[in-house]
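Notes follow the structure.
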Amino acid sequence: MSMKYLMLLFAAMIIRSFADSGNAIETTLPEITNATTDIPAIRLCGPEGDGYCLHGDCIHARDIDGMYCRCSHGYTGIRCQHVVLVDYQRSENPNTTTSYIPSPGIMLVLVGIIIIITCCLLSVYRFTRRTNKLPLQDMVVP
């Protein structure tokens, strides 16, 4: 039983590699056969599979009853019904430039930091100016 699943997995990987290259499945679908019979393990669905896969090709696996979908590029899901979303940053036009305007909150924080630094520098300047004006006799230690 595990050999059948291994063959199915191998066939799915081959089909997926052909799908990524953009080739049509009718021309690239490998014919995987069992040693005892000449019936392909994976084949395209017949007329019963028309419309089963919304954005892809219907595949029937001999060992597992049921139909499965091989989704086209950009789609995912059991029946290829979901669109794969691309990153917004990569989908933008590269020729456009984006300018960022800082919010008023950020501007207030920056102005506050500048005011605090200015106040600290002024207090240090005033303190050193006062100590420099002291007479020399006040600085002598008894």
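Any Cβ shown, glycine's included, is placed from N, Cα and C.
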Item to check | Cysteine paired with C53, where Swiss-Prot records a disulfide bond, from C69, C71 | outcome: C69
Item to check | C71 (disulfide bond) versus C58 (disulfide bond) - Cα distance in angstrom | outcome: 9
Next on the checklist: What does the structure give for the C-alpha distance between C71 (disulfide bond) and C45 (disulfide bond)? Integer Å is fine.
Outcome noted: 14
Checklist outcome for this item: As a whole number of Å, the Cα atom of C45 (disulfide bond) is distant from the Cα atom of C80 (disulfide bond) by 15
